[in-house]
Amino acid sequence: MSSATSSTDRLPTAAGDAALQRLRTWPGEHRVAVGLSGGVDSSLTAALLVEAGWEVEGLTLWLMSGKGACCAEGLVDAAGICEQLGIPHHVVDTRDTFQREIVQRLVDGYREGITPLPCSQCNRSVKFGPMLDWAAEERGLPRIATGHYARIRHGGEQGRHQLLRGLDSRKDQSYFLYDLPQEVLGRIVFPLGELTKADTRGEAARHGLRTAEKPESQDLCLADHHGSMRAFLDAYLPPRQGEIVLSDGTVVGEHDGIEHFTIGQRKGLGVAWREPLHVIRLDPAMNQVVVAPRAEAGQRSCVVGAINWVSIAPLQQPLELEVQVRYRSEPVAAQLTPIPHTPEDEARQRPHRCRLQFLDDQFSITPGQAAVFYRGETVLGGGLIQRDDQAQTNRE
């Protein structure tokens, strides 16, 4: 008998029991590869699937050399969980892919004056798709499961797989999953989607998992790996001094790299001024950080490109919805309108774009971050915020 069986003599919590019932009645084959990072969320995901009677194998992606959740430390903890649960553990070396698709693109983005969102790109190009391919081709497993706090509803509009927020609003990760294509969403299981973090800790303790009290990572994995985001950027981008200026060109300070600033930032500017200033633009061509008082920093619209439509078909006419423009930001009301394709757009095969029109001024509309569209708890789609010279701001 595996330790997973012997460690579950205690009855599950109400939330844990509901999760087990959902897994036991899940349609289709109950055979799955679990993406294991070595943290408590993925550990409990594997434990619940084992307890629910699924055929489970652990799969860990080796993303980086060194220490941290995506490095050797995570591999050791993931292997220990698989041993405890009595399931096979596989490690796939994806360091080259991660360096090329995530690290280099992240560095390039910061160099160009945008603030990239590597987690969503990593989910699409490094994690979910490759994990599904590996599980099917190498182990004959039709599904993967992860410890994300999100939900999937099958059979939505036009038979689409719909992505929903996790029930724990403080841990909901749907914002980072908006870019997953339909063929991937149809083969994913999120056992923790209706649990809170407290539920997860409690269930992990019930199973006696070694990761039950493991602290959460508090930052981007690359920042954890290097000690801080600044240290990561300094390792790839040499200091390049430039000016901090007002929107009229008045020089108010100096900086050592635009990559260390983001739109909406107020603290840490190193500028003494008669009123608080906010970053409103990063200009890589001039190597300038442009700042302004809050009264001049509001923005009413932005352009969104590289859109992935999740729960609805591609938009053909304006739509009222809610949009979230940063992971920790609150959703706000907006209208989304398709931008007509020009002959030049067609000739260059540019992807379709949409314009977001906000009802109220927004102060952290950041090129490179995702704008994720919601209707209630359902993710309609999302895309990347682009630079937009036509954005309507209070400065005009």
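Heads up, the Cβ atoms here are built off N, Cα and C, so glycines get one too.
If you look up Swiss-Prot, you'll see Cys122 marked as active site, nucleophile, on the strength of sequence analysis. Following the DSSP three-state reduction, the secondary structure of Cys122 (active site, nucleophile) is helix.
Annotation note: Cys221 (active site, cysteine persulfide intermediate) sits in a helical segment as assigned by DSSP. Residues annotated as active site, cysteine persulfide intermediate in Swiss-Prot, with sequence analysis given as evidence: Cys221.
The ATP binding site annotation in Swiss-Prot covers Gly35, Leu36, Ser37, Gly38, Gly39, Val40, Asp41, Ser42, Leu61, Gly147. DSSP classifies Gly39 (ATP binding site) as coil under the three-state reduction.
Counting every protein chain shown, the Cβ of Cys122 (active site, nucleophile) has 24 other Cβ atoms within 10 Å. Marked as disulfide bond by Swiss-Prot on the basis of sequence analysis: Cys122-Cys221.
His148 (site 'Interaction with tRNA') carries neither a helix nor a strand DSSP state and counts as coil. Residues or ranges marked as site 'Interaction with tRNA' in Swiss-Prot (evidence: sequence analysis): His148 (among others).
Feature annotation from Swiss-Prot assigns site 'Interaction with tRNA' to Gln369 (among others). Look at Gln369 (site 'Interaction with tRNA'): DSSP puts it in coil. Other Cβ atoms within 10 Å of the Cβ of Gln369 (site 'Interaction with tRNA') number 23 in total over all chains.
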